[in-house]
Every structure is written in structure tokens, then in C-alpha cells.
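Below is one structure, written out as C-alpha cells, with a few remarks after it.
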Amino acid sequence: MFLCLAADEGIQRKLEQLVMKMVLKSVFTDGLSRLPVHTETTPSAINTKVKSGYRAGGWSPLQSDQYQWLQIDMGSKKQVVAIETQGRYSSPDFSTRFRLLYSDTKNNWRPYLQDGNIWSFKGNTNSEDVTRHQLEHAILARYIRFVPLDWNREGRIGVRLELYGCSHWADVISFDGIGIVSYRFKSKKIKVARDVISLKFKTQARDGVLLHGEGQQGDYITLELRRAKLQLSINLGSSHYGSIQGHTTVSSGSLLDDGYWHSVLIERYRRNVNFTLDHHTQRFRTNGEFDHLDLDLEISFGGLPESTKLSSGGRENFVGCMEGITYNGENITSLVRRKRVDTSSFRNLTFSCSESNSFPVFFNSTSFLQLPGQSDSDTLSVSLSFRTWNPSGLLMFTQLADGWVELGLTEGKVTIFMNMTLKNTRIGISSGSGLNDGQWHSVHLNALENHAMLTIDGDEASTVRTAIPNQIQTGGTYYFGGNFLHSNSRSLQRSFQGCMQMIHIDNHLVDLRDVEQGLIGTYENVSLDMCAIVDRCVPNHCEHGGRCSQTWDAFSCNCSGTGYTGATCHSSLYPQSCEEYKHQGKSSGNYLIDPDGSGSIAPFRVTCDIIGEKFLFKCPYSLCMRRLTENFKLDMGGIEILIPADKCEQFVAYTCRMSRLFNSPDGNPFTWWVGRANKKHSYWGGSGPGIQKCTCGIENNCTDPRRYCNCDADLRSWKEDAGLLIYKDHLPVSEVVVGDTSRSGSEAKLTVGPLKCQGDRDYWNMASFGSPASSLHFQSVSQQTSTDISFYFKTSSTYGVFVENLGTNSFFHIELRGSVILFSLDVGGERVELSVRSPNLLNDDQWHHVEAEKNIKEAVLKLDSLYQDVKALPPEGHGKPQANGDLFIGASSGQRGFLGCIRALRINGVTFDLEERAKVTSGVTPGCQGHCKNFGMHCKNGGRCVELYNAYSCDCSLTAYDGPFCTNDVGGYFETGTVVRYDFLSQAGPSLLGEVKPTPGASVPVESNLTKEELVFSFSTYSAPSILVYISSRTQDYMAVVLRHNGTLQIRYSLGGLSEPYTIDVDHRNMANGQPHSVNITRSLREIKLQLDHYPLATYNLPESSDTHFNLVKSIFLGKVFETGQIDPILIERYNTPGFVGCLSRVQLNSVAPLKAALRSSMTVPVSTHGILVPSNCGASPLTISPMISANDPWHIEAVNLSALNLPDDVLFAGIISVVIFSVLCILVFAIRHLFRHKGSYHTNEAKGAESADCADAAIIVNDPAFTETIDESKKEWFI
């Protein structure tokens, strides 16, 4: 055992002088290759042998290039936890970036890995400052190599360094594939609920059993290597219910046959297991029902006992080394050394690891290795072992006297191409498949006389042979790796990326150490004695079951069938609830939802009742009802659904005959159910938590008054207990256990209905920020290598910070800048920025959706699901963020915060309760202030409610009204000949007819084919006949509303299919009586509805022969028709001259208000006015009481004999006076009303503006400021 003093605890020790030996690698150059020479020196010689490459005050090689390294021998194996570097003293020599390699034996070096990548450390920025790196994972080795990757180009490579850590000692056992260690238990059988097993191992074999134990009841535990992956198999016993067995298998790691130490820790408590390999932990729960592991006699390490091996399917024993083996507190390696355990199966038990004989070569895309062979030979024999992830690459090339031979990898197959120049022949053969799996594979090419043979992985039975047209003659030089110039080759193979070893040429093993020392061959950009292969799919960064594939440089995820998308299958494809589907415009139906987004719960199907704002989770029908004749457990598959609903319910029913449900409110129940968080509940539908009763027990009407459920009466007749479970935090029901159906005559039926929920409290969880300094503060959520943020916002401000996380190694920042959303984040200490620009400003008080994601491959920013920015991220710097940071919604100190509303904020599937936090935070209020759902009722006549920070406003832009609540009429007074024309554009584009657009005048309506329209307007006039409204088209379709000669209203429709227009005559009233009248005409297909003033709604129908489409609506005319082309002659001859004289207001066709557009100069729409149009509201409020006819008028006196009334004279006289006074007042009222109505119309005095007016009367109208108020003053109801 040993004690390691961590550097971050401040109790550190330097490693025995820290630098025990330093090895300088100097490089000399000849004409063809770089020849390495090793020179060892003592620490005291470092500062003296300047000519050998060292300079005073640190290490600096004579030549600064990528081949230099400094090797440190620490004397024995140590655990290194930190490194400090500094430049060479008082010089420009320092290293700015470096890599660390380590080894136990000075051979088979391994690079330091972090985040699944070969890690490069940031070095120094000058020669004096110290840079310290705390290693995320400790290095356990004797030798360390410091490899500079970059340095100060104004100086040279230079470094002073110190390593920090502690001594390491452990008993090591060497396993030869035959011997095993058998640890016998003190008793013949053990039954344990808790296990802790740990060990370290290293091997170059890809298969082998590390430990095994089993019991006679079928329990077992096995840890073994399979294809260089570690597999843990465990069985605690099989289930008594159903067909589920207890066998559980979990795999971890990859490429574990690399000859390096790997640590394993297995922690089990009952069915919960933590399986840790090299700091990566998998947590799982075993299958089955049982919690204890029952083992017999012993547990073995290094292989299987002979008694078990026969039935194991020929599994191999472990070959390699183990150290630090512990089993439930027992140090097994110490017991072996003390001969306290059985090791009789070993032929030669040793406590040290033999040195590996392998000497791998690592190739990157710019590497090659040149080796010599026999020349002019008629036999070509080359063999090697390789491992790679790339499907294609050139393994070997050699020039022949007559042509060339190429050995490569193509689409995972080994291929050979031979080119014979003289006979112009090209021969190709291939063998194997899927050889780019990262495993070691051997290749043997043998060409002799007129045949060539290719053998893969030593399988002679599958050797591929081919004939050669003539005998070959070798050239004597062999190139490996592919990146070299060979002008005679026509190869299209890409360079090989991966590792090679065991290279044989002419049946002789090449000693690659001679290559390293410059004795034979040459190389370029290769790493000798190292295989830096990395499995980028272990651990699997593809989330939610995504399938990982890789090349040498990168990995990719196949997300098909997972329900998720993105580079790492992180983001859900589905909305979080039916509420979101509703706002997408979906109708009721079956949908997939994902309430926790990127969380662990998979999407599931629900039924959405969009109208009722409900969504239902339905369990499989085969499980919803089950007839039981024996004790039973209904397992719904471990359903765990986190639904952020306002309320939920689930129906359960138990129909019974001699089968009790609970039996008593206090005893152990026969039946219970399991809900959310795997919690057990013993109340039934209609009851509540903590009350072991059914509905009848609550209502005191059970079959047996002494019981609290009908079924607890235990009768032979059928009874039922049914009801709703309504405590949503307990739902859904995932398991039901029924325990009283095994008696003779017992029988029951169990029904579990679908989960029904309503509302979505998370989707509308929001807060309003009323000050730039206001913010909400939260603790950072636990983050993984992937992080996603989503929220909705609405604002009238152009700038502000939405959200900022200040946690260590987890910084991100999202803000608004005009029409741009910015997303900033830190990756490995480097700042990355993404931006999305909207074509429109975002301060439009509309809800906008922001989604941001950062994963190990890329960062993504989306706005409203329409615009996005994607940036690839560097592979380094994706360590797990710390969860102790600060999260600010709004701005932290010193920044400009957000003004407006934020809702549905979610990070990594966790929704933040903004409303609750806002209740205790100054400057922030729950909900969105100025709620239109509370105050939108004040926006009248189709006005749109617009949220503000602490108020609301009404947008009247798409109505025919004005004012703060869209209640002010917009109208105009038409003189003779005045006409307003509103044109619809002919080019294709979005139509405003029937649609609502957010910005007035921003979009111009275009021609449309209408099947429904609504025309609304008010008018007052004394003149008739006249045209009030005329709607034309580019066809002969039209609609017109006219006043006939007698003042009655007529509506004319001509939509095609009829020889004459369809007319609606309103004959019962003279509308040209100077009073304001309102008209509403609504058509849907053939049905026409007319609402005139206060009269009852009238319905008419177009004839069946009439078309229902109003085709290509072109223009709206008010007051008169002023258009060329074919027009109904009746309109022109009878009604168009001299034109409408009077007031029109509130004119609106669907969402188009032509009169308002003509009177508002700020609206840029295609409207024109001819003649004089004066703004006025025209007294447009319609009469609410109809004028009375004389027969019903009590004040109407006609030929009455006053003397017949027999009244006293004074009373009669007073009455006569009263009548006279009343008559005079009435005459005055009429005179004043008539005077004001015609004020200016017959004024004969000259007025200003007469020069430009059409007549003197028009000049008076334009210049008299009282005119526009004329109808305002007369806006009264007259009962005369």
C-alpha cells in the first residue's frame, strides 16, 4: 500500500530529486535520413556540457525540431499528479506547447490522454514564469518523456521542469495463461448484498478471464477481456415472475491489449452496480428480482477453475500482469505473496512483469518508413501487423525491376495491386473484411515464381492466391505508411494512419530499434516505439443510443431511430408537450413528446386533445387489463415519465372474487403499486396517499362495513374497487403487485388505464425583467460534455444579456444585439462565438425561440427554428464542467441586462422555475407583465394586444379603427366625385386577405381567389342613388353595395355561372336619411349573411349554378367606380353618377382597411384618392333603438278634440303652452342640426385655399377647422 499526497491539498513531495536521469536525444543528418543517437548523462552534468546540447539553467537541445524529447527516469514506478515548466534561465528559449509520454520499461511509450484525445499542454509564454498543470488523471510509470511541440521561434527549445506526486508500490503477479489464483471463502457458501472488487492489469492479449466466481443456484460474476474490451457479467438469480432472467452483461473500454496499466473497480450494493474502468464509470441495475450474490467455495483470478472450464465454451485464461487485487477488503496479491491462497496451478509464479518485445511504429497522414530488402530476388515476402480505424490506406509499396507492388487497405479489406510494365498487366486481389476495427491484424504477402498469396490473421485456409504473368524481380527498397514520392506508381491510396509492428522482409524480422538508432532505413514523421491509437467511440459520446463510428481523426454518430438529432444525438426531435404541438398549429391526434428534452427519458407517444389542452399517455393494451388466477406482478416496463402538467390522473380497477385487495388499513397490504421514482404505494383509486383505503372506504359505503375496500369482504360474488389516482407526483403507475389470487377459487381482473394530464406549467413558466440591472441567480446545473440551452423571449429593447453561466470550465453567454443573437462559450480556455441574424428586428414584442447546444464536436445556435449557425469545435478542452458555478438569467454585475419576458428556460433537460425565483428577487416579477390574457379584452374591433414590460398596448394596424383600444372610428367625408381606390398587387406573394400580419404597411396585399370574405363599413348620407363599395377583379367577378333611388340598400354579387348578378334588396327602410348605419356582409362559399344595424341577422344563398370563388380580387372602390374595362352597365348607368356624398367609416375587407390607409400618410400601401376626402368619424355609432312609427308614438297628436278631455281651463292652458314650447325647441334642434350638417356647403364668402380647390365650397371644407368636428358634435341619438 502507498499514500499519494495530492497536489491540490498542498502537501506535495518532489519525486526523489524529481529528475533522476535525463536523457538527451540529439539528431544528426545525412543525405537521406535523420539518425537518432541517445546520450545519457548525470544530473550534475546538465549545466556543464553545453556543447552536448545543454545550456546553463535548463535543457535546450542543439537542434530545435519535432524530433527532440527529454526523458526522465524516476528510479522506480511513481504516481505523477502535476508538472511545472519554466523556460531556460535568462534566455529566449522556452517551449510553448508540449506532450507527455510515459512507460514502465523505456519501451512501448504511451501518450498522456485527456478527454479521449492525445493531450497537448500549454507551455510557457516567457522564460521566467512558471506554468503548472494538475493532471486530470495521474500517470503511473517510471519513465516520463517531455516532448516539445512548439517553442519560441526567436529562441530555441528550452525547459526547466518539476514533477509532483508520490511513490507507488504494489504486489504484482504475472499470469502465464495457465496458472490462476483461487481465493477460498472461510465458509463453503457466501451470500452477500455488497461487493467491492478492484485490480489493475496490463496485457497484450485481447481475450482472457480476469476473475470468476459462481454458485450452485445459478449466481455468478465474471470479468473478462473479449476482443480487447472489458466485459462484466453478473447474475443474482432469475425472476420468479415472467420470463425475465437475472443475467446482466455490461462492456467497457477498448484497445485494452495495449500493454499499459488499466484500473478496474466494481462496486455493488444489491442490484445497483458501479463499474469503473480507468476513471470512466458505468452505473447500471442488474436484471431479475434478487439482491444477493450467492457463491460457492471460491473466487478465482486469472482464469477459470478446471471444473468450470469444460462448460465455459473454451474461454481463455488471462495472460499478462495484475497488481493491487482486492476482494471485499482482502488484499489478494498480498495473500499470494504470503502463500495464503492456492497458486498450485502456476508452473512458475513470479512477482514481476516481463518486458514487452513489441516495438510498434505510429504513422500519421504525413509519415513513411523506408526499409531495405534483398534486390534482384525472385521471391517477395513481406508480413506485418497493423491496427487502424481508417477503412483505406497504403500499408506497403515496393518498386520492382519491372513494375511495382502495392499492399493497402481498401474499404476495410486488404488489397494487393501488382503492375507489370513490360506486359502492361495490372493484377489485384483482396481478402478480409472490417479490418479497420482498431484491432491488431496480421498480413502476409508472398510472391514466388508465377504465383502470389495473401494471408490475413494467419488463417491459411482463407489464403487468396493469384497467378503472375511473369517472374518478379525485387527492387530492394520497401516503403511503409504511404506518404512518399513514387513517380512510377499510379496509386490512388491515401496515406496510412495507424500502427504497425512485427514487420518481416524476406522472412526476417526487422529490428526497428536499429531504425531508431539510424543503423538501417530511414523515416519521416513517424513515432517509434509507440502506438498512439485512440478509440474515439469509448466512452461513446453518441447519446441516447446513437451508434458511433470513427476514422483515425474523428467520430460520427448515426442517430436514426433514436428520436434525437445533432452531431452527438443530444437534442430531441420532438416537442416537450401537447401545448407545444398546439402552438405549432397541430390538431388533435397521436404524437411523440419528450418532456425532459435532452434528458434520459426517451420520447413516448401520447394522444393530444388540442382543444381541451390535454395529452394522454396510453399503456400497451395487453397490459391494461389482465385476468388473474395466481399471484401476479404487472410490470409496465419501468416507466418513468416527468410530465410538467398542471394535473394528472390514472384510472385503476380491481375486480375480484375471493381475492382481497388490502384487507385492513393497518396491516401489510396484499396489493400495492409502484409509481414515479420507483416508490411503493398502498392506496387505491379514489383515495389518497397514506390512506390504505378504496373509494368506498372514503365514502363509507363498502360491501362489508368493517372493511375499507369492496374486495376486502372476500366474497364469492364479483365485486370491484375502482377510481382515479390523482396525485401527479406519484404517477404514472409502473408496476402493480397482486398477492391474493393463489387460493382455491380466487380470481381477479386488474385494469390500469392510460395516464391523462392537462396543461404544461413549464412551457408557460416565465418572468418579466423590468430593469437593466435585474437578474435571477441560480446554481449551475450539472453539465456533461454536451450542454443545451433553450428559452423563449419577447422584448421591445434592442440589447440585453439573456443568460450567463460563470462556472469553472463551463462559461457560456447568450445575448441580444439588435437583430443578432450571440452565443459565447469557452472550450479549452479558448473563446468561441456564434451568431444568428434575423432579417427583422427582434424587439417586436413577439415570442422568439432561442436554442443553443455545445457538444464534443460542434456548437449550434438556432433562432425560431429558421436561422442557425454551426461551428466545429477543437477536440481538446471538453472536460466535464464543474457544477458549482453561478447561473444568471439577465446580466451579472457590470453588464446591460435583459428587458422583457423570458419563459420555458431549460438547460440539459432541466426547466428552471423562473416564477418562484422572481417572487423573491427585486426588479423581476413572476409571469409576463401586461398579460394580454388578462387585459387583451380591452383591445376592441380585432385589435391585437401587445405585451409591454409593465403595461400593454393595442395594435390597430390591421383594423379600421384607431385609438389606444382600437375604438376610434376612422372615416372620411366624401364630396361629389370623391373616390378612394385601393389596389391589390398582381405579383405572387403572401396575401393579407384573410390573414393577419404583424406590421402595418410592411407587406402589400396581393390578388387572391376568395371563397369567403367579410365586408364591414358604416355610412351616413342624404344622397341617393350612389355606390358605397365596389370590389373588382381581373375577371368579370365583382361585389357591390349600392343605394338605390329610393334610399334602400342593394347588394350585388357576380361570381360567374349566372347570366345576371345575384342581388339582395333590403326594401324595408330608407337608408339615405342622414343617420349613421352599419353594414356587415359575410360570405362563405354560397352562404351570405347580412347584419344591418340592429336588425336580425339575415341569411341568403347564392344559386347552385353560381361559382363560389371570387377570382383575382383587384381593387376596392369607395364612393364611385373609376375604372376602365368591362363593368356592369347597370352600376354605371343607375348608381355611379354623380357619386356618393356623405360619410364612410370603418371600411374593412377581411384584414384590409382601405379608407384608413388613404387617410394615414404613414402607411405605404397602393391607395389613391381623387377629389376631396376630409377625415371624420361620421357619427358612425349605429342606432340601438329603431325610429318609432306614428302609430306607436305616444307624442303623436292628430285631430284630437281637446274639449272632449274635459280638463280644467288652467290645466288646459298650461298644456297648450307646454306643447308650444316643446314645438319651438324641436324646431330649434332641427334648425341647428341642419345648420351644422350643411355648414360650409353653401358658404358664399371666399376662403383661403380657393386657388387650389375645385370650387369655393371645397375650399371652405378644406380650411374650416370646425368641419372635421361637425359629425363629432352631432354624435348623438335623436328620438324625434
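Glycine too: its Cβ is placed from the backbone N, Cα and C atoms.
Bear in mind that TrEMBL entries carry predicted annotations, made automatically and left uncurated.
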Quick one: which of Cys901, Cys945, Cys954, Cys956 does TrEMBL link to Cys928 by a disulfide?
Cys901
What is the Cβ neighbour count of Cys901 (disulfide bond) at a 10 Å cut-off, with all protein chains included?
25
Tell me, how many other CB atoms lie within 10 A of the CB of Cys928 (disulfide bond), whichever protein chain they belong to?
22
In DSSP terms, the domain 'Fibrinogen C-terminal' (569-613) comprises 6 helix, 13 strand, 26 coil
Per-region confidence, the domain 'Laminin G' (172-353) (mean pLDDT, whole number):
90
